[in-house]
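S.K.: One structure is given below, represented as structure tokens, and several questions about it will come after.
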Amino acid sequence: MGLDYPTLLAAMSFTIIPLAAVFFVDKLRRPADDAGRYWSLTFVSAVLCSVAYYVSGSSHDIWWSVAVGNAAMVLTLGSVWMGCRAFNGRRPFVLGVGAVALLVGVVSALPSHDGSRWAGAPEKMLGLALFSVLVVAESLRPRLRRFAGAWVLAGTLAVHGVYVVLRSLAYLVAGPGHPLFEGVFGSAGATGINLVLVVLGGAGIIAIRVQDARRGLSRRDPSGARERVLGAKAFDQLARRRLTELPRAAFLVGTIDLLGELRGAYGVAHGRELQRTLTRLVVRDAPAGAVIGVDGDRWLLMFGADDASESLEPLLATAHRLATALHREYETQTTGIDDASSASFGVVVAAGVPYEELLTAASAALVRDADSVRGRIAVGAVGTCAIA
């Protein structure tokens, strides 16, 4: 037995709200970005749409609920498209999307000879088909198509677009009262399709953001094996094992200067993005075969060093390169913040030294002069002469 129309509307409402909650919790953990703002509008308008249609289904299609629901539904897909364009670094047409949604809402508020339920239906379906096609096209552009969530979004909206076009043709040719239209393209069937759209489309957007946050946090070594950023415990275990294979080890501990103050001034999400940026740079620039880890506000790096007196130089060069790259990346991506960020490093090179001593020496070098000097690269005293 199929589900009736009110039950499907209630199911859609209870499906959207948890997805929206997951999205907004994830959004609070990140700095504000244009794509996130427009996709926030997607979830807000989707919730508004489901509530309006639920009111419509429970009140014999009162005119204002139909108008609000139709406009919100068009705005939902329009904001998905705007978010995709912003993610691709392209200008979102905010006024155009707003005008289309407003037009659908106004037309839906006018009397219809098919009844208030179908007021503005042709305009709504045209708007949905238009934005479905635009989302598919934008999802397959170079940047977005690297993400699995974008393919889910494109596939979902492609099917939805075909369904909306067929439904529009059936509406114009047969009318909403025809048995064929009611049986195949009626309100219950359309709501079921919309429920699938909400689940897959919402999951696709969330997946894009999660995958984007993890981008650059892994790489392939020369043999093709994937190297990932490890947590503190996993780094500890792998570093200890790797030390037994290395005749001479280089060890770096790094952190962002004044990270606590930056969090307090610009928000936790800003500090987290700085840490993520530095970690990506470490993954990109670390020598092949290096062990990379994160321990709270610090990142850790260990790799084999040449058994030569100059072996400290590549280590210092790596630290300088990371510090410069972070500063450049920060200036490029950040607007409205005057204080440029810097990173400090404690480094040590030693042979035949236990893991604990390497970590302790590099950590002690890191905090040396921390209150007075930013952008430090301090060398620890294990296995070599201390350098201030």
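Cβ atoms here come from the backbone N, Cα and C positions, even for glycine.
Positions annotated as transmembrane segment by TrEMBL: 6-26, 38-56, 62-81, 93-112, 124-140, 147-166, 186-210. Sequence annotations record features per position, and here TrEMBL assigns domain 'GGDEF' to 247-384.
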S.K.: Cβ under 8 Å to the transmembrane segment (93-112), counting only same-chain residues 6 or more beyond its ends: which ones?
M.R.: 63-64, 66-68, 70-72, 74-75, 78-79, 81-82, 85, 118-121, 123-124, 127, 130-131
S.K.: For the transmembrane segment (38-56), find every same-chain residue at least 6 residues outside the stretch whose CB is under 8 Å from a CB in it, and list them.
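M.R.: Residues packing against the transmembrane segment (38-56) from afar: 6, 9-10, 12-13, 16-17, 19-20, 23-24, 27, 62, 65-66, 68-69, 72-73, 75-76, 79-80, 82-83, 86, 92, 117, 191, 198, 202, 205, 209.
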S.K.: Counting each residue once, how many in the domain 'GGDEF' (247-384) are helix, strand and coil under DSSP?
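M.R.: Summed by class, the stretch gives 64 helix, 31 strand, 43 coil.
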